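Peer 1: Once you've had a glance at the structure underneath, I'll fire off some questions.
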Amino acid sequence: MDQHLDAYCMHLRSERQVSPHTLEAYRRDLGKVLAYCQKAQVSSWSDLDIQHLRSFTARQHQQGQSSRSLARMLSAVRGFYKYLNREGICQHDPANGLSPPKGERRLPKTLDTDRAAQLLDGGVEDDFLAHRDQAILELLYSSGLRLSELTGLNLDQLDLRDGLVQVLGKGSKTRVLPVGSKARQALEVWLPLRALTNPQDDAVFVSQQGKRLGPRAIQVRLKAAGERELGQNLHPHMLRHSFASHLLESSQDLRAVQELLGHADIKTTQIYTHLDFQHLATVYDSAHPRAKRKGTADD
């Protein structure tokens, strides 16, 4: 079995020309599978089956391997068996149809309401970039837009009189969202400045040369704003997450938040209920007279 693994690594290096880092990762992952085979008395790669791999991945998961790492291992096994089948050594793939154990879903990072206010109420310098960036920040937080929805936004999608914006979301689905008063004010300041650039199209947010802002440009500007006002990294989706979390915290209306975010499946929206519970738990721990406090003895 060792010689087949060595031959595969040689194939990756010479014919596939993978990087040394990638090659080392493949060798390490497949080496763990080989070690398992030796302990499980699997004497050839032909004898390794899906039940063996299920046992292997379960054991690795119990030992602390993340779902992402296990997915990478299974990908390495599939690539290895594709090679073995092509070389006539095996006629099967034990990893076919096998998925790694699901890990805990990471909670999205958000700003609390005080930090959001600190970001948005920090004061705006009277210049083109500052007013544009303020309008971007306010709209992202006010309406919960995705970055792609913001960059694709055109003038005819804005209705500042009624405080509405129409966006084109995933799957080319449109939805109409409210625009808060602060965002409306910021946009009313920004749009006359935008017109001075002689814009090349109907994009709401443009550069000083009148070109539509792309995702990367907005990410860079938000990162700078976060470091300046909050001393932390800030990305567009953090404002969308904050919008959803704060709205759910205040309204407790999961369906309404789902509609505003444009989620096809409410399960996607339910991640924000975990954030809300975390907030409530923090409030409870700090405010309830019989909550456990750090540094106090149990009575």
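Think of each number as a place in line: the chain as shown, counted from 1.
Yeah, the Cβs are placed from backbone N, Cα and C, and that goes for glycine too.
The following feature annotations were taken from Swiss-Prot:
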- R146: active site (ACT_SITE)
- K170: active site (ACT_SITE)
- H237: active site (ACT_SITE)
- R240: active site (ACT_SITE)
- H263: active site (ACT_SITE)
- Y272: active site, O-(3'-phospho-DNA)-tyrosine intermediate (ACT_SITE)
- 1-85: domain 'Core-binding (CB)' (DOMAIN)
- 106-285: domain 'Tyr recombinase' (DOMAIN)
Peer 1: Fewest other Cβ atoms within 10 Å: which of the active-site residues K170, H237, R240 wins that one? Let me know.
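Peer 2: So among K170, H237, R240, the active-site residues given, the one with the fewest Cβ atoms within 10 Å is K170.
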Peer 1: How many whole Å apart are the CA atoms of K170 (active site) and R146 (active site)?
Peer 2: 9
Peer 1: When DSSP states are grouped into helix, strand and coil, how many residues of the domain 'Core-binding (CB)' (1-85) land in each?
Peer 2: 68 helix, 0 strand, 17 coil
Peer 1: Give me the CA-CA distance between H237 (active site) and R146 (active site), in Å, as a whole number.
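Peer 2: Computed Cα spacing between H237 (active site) and R146 (active site) is 7 Å.
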Peer 1: Whole-number Å only: compute the distance from the Cα of R240 (active site) to the Cα of R146 (active site).
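Peer 2: Between the alpha carbons of R240 (active site) and R146 (active site) there are 7 Å.
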